[in-house]
Amino acid sequence: MSGFYHKHFLKLLDFTPAELNSLLQLAAKLKADKKSGKEEAKLTGKNIALIFEKDSTRTRCSFEVAAYDQGARVTYLGPSGSQIGHKESIKDTARVLGRMYDGIQYRGYGQEIVETLAEYAGVPVWNGLTNEFHPTQLLADLLTMQEHLPGKTFNEMTLVYAGDARNNMGNSMLEAAALTGLDLRLVAPQACWPEAALVTECRALAQQNGGNITLTEDVAKGVEGADFIYTDVWVSMGEAKEKWAERIALLRDYQVNSKMMQLTGNPEVKFLHCLPAFHDDQTTLGKKMAEEFGLHGGMEVTDEVFESAASIVFDQAENRMHTIKAVMVATLSK
């Protein structure tokens, strides 16, 4: 694909609005081709390394299925399956894997790790998730939004993110809004807003592209007229229980529930979540939250909303694979 060959995919702001749009168009085409049985393998003979310092369901499955569909082979290097950062430096690992593989995916910790891999590997490196950014997720989100509002451009869409916006999802949403011209509203307590420097940079770019970025603590004002309401988990399994109580107290008023959906005034509003979601007590963590904090029926989103007709979270999950496939095809095939 012209302009993408041998490029890295580390964060969205590394690309132009036109480049982002072309990736989304390619993803839509690859999805249609797969469903019609007309998919053409562009990556036959390619070898891909998947480095996972953090476990994953959607990201791993998306990369593996996308690679297999396109004729490539993969090697999975899990949290205990390589010497990266332990007995071998990131720099040396990059140079070793770059001699053996045609592309490298990294999912793990600091953004500096994936940047170092990209600097020294000599082959395309893709960011499957870092502490700072989650660009492949946003590609899937944008494709899903296009599919559910086919008559609208991004300039005509309003996306609300409710909850903890200071994480990799909040950062990548800012970058997506900057490039697409979305009306993005981060509805969160001020303590959970992203870093001011990134907000300023992305807001300026968004305005150039016909969009707007708003940060507010006011739920009613923030969600008014929204086309999509998005949230993510509040706590992680590895965090101390003291953090759980603090986070839940801070974010309880930002739970996505039927009241919030109604406050949009839009009967067609859709619900988005990058998953996994704690919408019931059917998981270990969900059960603990219900028992210890009275969060029966959901934490960041209620089970009622998650299971409603407004929920398009499984369309999102499927689109992880199609958009990741687009990234690999664009960067590995001429």
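Glycine too: its Cβ is placed from the backbone N, Cα and C atoms.
Applying an 8 A CB threshold to same-chain residues 6+ apart, the list for C274 (carbamoyl phosphate binding site) reads H134, Q137, D141, M169, D232, Q316. What Swiss-Prot lists as carbamoyl phosphate binding site is S56, T57, R58, T59, Q83, R107, H134, P135, T136, Q137, C274, L275, R320.
Around the Cβ of N168 (L-ornithine binding site), 22 further Cβ atoms fall within 10 Å across all displayed protein chains. The feature L-ornithine binding site is assigned by Swiss-Prot to N168, D232, S236, M237, with sequence analysis given as support.
Annotated pair S56 (carbamoyl phosphate binding site) and S236 (L-ornithine binding site), C-alpha to C-alpha distance, rounded: 13 Å.
Here nothing among the binding-site residues R58, T136, R320 falls inside 10 Å of the CA of S236 (L-ornithine binding site). Of all Cβ atoms in the protein chains displayed, 27 besides its own lie within 10 Å of the Cβ of R320 (carbamoyl phosphate binding site). T136 (carbamoyl phosphate binding site) sits 11 Å from N168 (L-ornithine binding site), taking the C-alpha atoms as the reference points. For R58 (carbamoyl phosphate binding site), the same-chain residues that are 6 or more apart in sequence and have a Cβ closer than 8 Å to its Cβ are L275, A317, R320.
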